[in-house]
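In Swiss-Prot this protein carries:
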type     : residues : note
DOMAIN   : 1-388    : domain 'PTS EIIC type-1'
TRANSMEM : 15-35    : transmembrane segment
TRANSMEM : 51-71    : transmembrane segment
TRANSMEM : 76-96    : transmembrane segment
TRANSMEM : 112-132  : transmembrane segment
TRANSMEM : 152-172  : transmembrane segment
TRANSMEM : 191-211  : transmembrane segment
TRANSMEM : 250-270  : transmembrane segment
TRANSMEM : 280-300  : transmembrane segment
TRANSMEM : 304-324  : transmembrane segment
TRANSMEM : 357-377  : transmembrane segment
DOMAIN   : 399-477  : domain 'PTS EIIB type-1'
ACT_SITE : C421     : active site, phosphocysteine intermediate
MOD_RES  : C421     : phosphocysteine
Amino acid sequence: MFKNVFANLQKVGKSLMLPVSVLPIAGILLGIGSAHFNFLPDILSQIMAQTGGSVFSNMPLIFAIGVALGFTNNDGVAALAAVVSYGILIQTLTAVEPIVLHTTIEVIKNKHLSDTGILGGIIAGAISAYMFNKFYRIQLPEYLGFFAGKRFVPIISGLSAILIGVILSLIWPPIGHGIQIFSKWAAYQNPILAFALYGLVERALVPFGLHHIWNVPFQMQIGEYTNSIGQVFHGDIARYMAGDSTAGNLSGGFIFKMYGLPGAALAIWHTSKKENKTKIGSIMISAALTAFLTGITEPIEFSFIIVAPVLYVIHAILAGLSFPLCIFLDMRAGTSFSHGFIDFIVLSGNSHHILLFPIIGILYGLLYYILFYLFIINFNLDTPGRENIKNNILEKDNNEIAPYIITALGGKNNIKNLDACITRLRITVSDISKVKQKDLKNIGAAGIIISGSGIQVVFGTRSENIKTAMDECIKNI
């Protein structure tokens, strides 16, 4: 049972990556536009702010589409059904809640009592995905043949959304009230404790690929800010971009991603065997630069998470502490995606105490370096370079390594589903015993996670391109 739940949660995490992928461009537009830089004409700032803001305002709908696509192998009909479901779901809530709460529609709209936020989008996406998978091959009588098959999906999804909307209108008031209480506590009353918990749990979930689910309420839901033209923004990311001075509580990510983990990478390099230092140095420096520039840290984390889990425990604790540290020092900076130098510079317009970031960051990197160095040496941990290294073939291009990966996964016929997120391949196989983990490691996988018939293979930022190359290779086999 747990394996099935884990597999489904992986699908949820993967499906949430599509909506998240629009955040960088939306965040840059909104962040720069809201900062009102002197070198930008006012009209250009307004255009950037409003276009970026429009994306954040429609995030529930975008999440509905993302969830629908994630559970239906990117079928466009499911996306259309998600749009229909979301619109009907929200309007049903708006119509029924006045009866349930004994108030008027105007009060419902003014107080956002029917605003389900991201959760409403996820529910609508789940409705359309379920209906698609159940009915996309449905046969109808000949006189209704036009509505058979996939054309039936938006219809049944919309009708189902009415029923779900009525049910949701009965249970949403206490749920919404609970979310508001948590939101106020996390964003305004005790952000130090809330974001310490966020940082610790978020890193703990990274090995399982489930951190995207945990990110959503903090990044997209907590807190509320209304700008000068009446646009309402939820979540720490959007509120910061829109100019909310109380947002920016996610700033701790810059400390451990841009400075902490690169310090750990240097420690791994410096503790490697003499004969391996050149190879490990090139790998770790490349991974450190990736973390510093983009905030993508899995290439470093998966270099030690399997062979030295105690180091990952230390890392998760330090990552969790970086968030309350920044909040305590009133250090605020915005991220659109993953806490890298690019985000840090581009979105610096609304930042606070920005010069403290490199100072605290370098100290944090030094702390990481010392702790990792001491633990590796004193406990003789088998981090990369401290054992005999076999040459792998990852230096080949994506098209060349794709056949090797397919073979290591048990061949074309053993692969039931193939997908990828930012740093890892997500695969479902027919027979897990046919998967050759050792071969995947020799190819260059930074980490491998198996649960039931699901397997995640970490190849860093090349994963999406490797997946595309594998798709082409599978078609031609």
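Sequential numbering from 1, following the chain as shown.
Note that Cβ sites are derived from N, Cα and C of the backbone, with glycine treated the same way.
When Cβ-Cβ distances under 8 Å to the transmembrane segment (250-270) are tallied for each of 76-96, 280-300, 357-377, the top count falls to 357-377. Counting Cβ pairs under 8 Å that are 6 or more residues apart, the transmembrane segment (76-96) and the transmembrane segment (152-172) reach 3 or more and are in contact. If you look at the transmembrane segment (304-324) against the transmembrane segment (357-377), you find at least three C-beta pairs under 8 angstroms, all six or more positions apart, and that counts as contact.
Long-range contacts of the transmembrane segment (357-377) within its own chain (CB-CB distance under 8 A, at least 6 residues past either end) are made by residues 251, 254-256, 258-264, 266-268, 270-271, 308, 310-311, 314-315, 318, 322, 325-326, 329, 331, 333, 344, 383, 386. Sequence-distant contacts of the transmembrane segment (280-300) (same chain, at least 6 residues past either end, Cβ-Cβ under 8 Å): 206, 253-254, 257-259, 261-262, 264-266, 268-269, 272, 335, 337-343, 384-385, 389, 422-424, 446-447, 458, 460-461. In this structure, C421 (active site, phosphocysteine intermediate) belongs to neither helix nor strand by DSSP; it is coil. In the domain 'PTS EIIB type-1' (399-477), helix, strand and coil residues by DSSP number 40 helix, 22 strand, 17 coil.
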